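Residues or ranges marked as active site in Swiss-Prot (evidence: sequence analysis): E157. Per Swiss-Prot, Fe cation binding site is recorded for C113, H156, H160, and the stated evidence type is sequence analysis.
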Amino acid sequence: MIKMRDIIREGNHTLRAEAKQVKFPLSEADQKLANDMMEYLENSQDPELAKKYGLRAGVGLAAPQVDVSEQMAAVLVPSENEDDEPVFKDVIINPVIISHSVQPGALTEGEGCLSVDRDIAGYVIRHDRITLRYYNMAGEEKKIRLKNYPAIVCQHEIDHLHGILFYDHINGDNPFAADDDLVLIS
């Protein structure tokens, strides 16, 4: 089981490296990693388990964050209604954004990261809508359209696979700079 001590923090070179593509069929180690990353997200979103194991809540966890430089990330965006199915739940392997909106989007509260132990204020400007192509654990190619929060979460995780951290997208001179067409998501 992945715990907070297993998640590397900013300053570790793996977080700034270009991750390598994952080969199929998945090795036993890659299958275990994928399952463990999803288990972390599930446990971190359960208040009792999060408290028991000292987990920070997360909606995404990329392999580089656990010091494995591979293009794989677990994503679990819960529904607003606790009883509904998650908005998006999958392990995305070798993901590529194949199209995106011109319109930018950002979270009103900014973004956070399990690998960054400090608050960094500012709009993290991303695409409001994306079409994502990836492979699931079975090696099946998937294509999905995402908008708003799920699109932002996936872009954040894909950035990890390319050595980019969320604060790289914040305007250093004016962290809350926004064009008129920016979609702010609360």
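Using N, Cα and C of the backbone, Cβ positions are placed for all residues, glycine too.
This view paints the features noted in Swiss-Prot onto the structure.
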{"residue": "C113", "record": "Fe cation binding site", "Cβ neighbours (10 Å)": "23"}
{"residue": "H156", "record": "Fe cation binding site", "Cβ neighbours (10 Å)": "24"}
{"residue": "E157", "record": "active site", "Cβ neighbours (10 Å)": "22"}
{"residue": "H160", "record": "Fe cation binding site", "Cβ neighbours (10 Å)": "24"}
Alpha-carbon spacing, E157 (active site) to C113 (Fe cation binding site), which is rounded to whole Å: 10
Collapsed DSSP category at H156 (Fe cation binding site): helix
Non-site residues, in chain order, whose CB comes within 8 A of the mean position of the CB atoms of C113, H156, H160 at Fe cation: G60, A62, Q65, E111, L114, S115, E157, D159, L165, F166
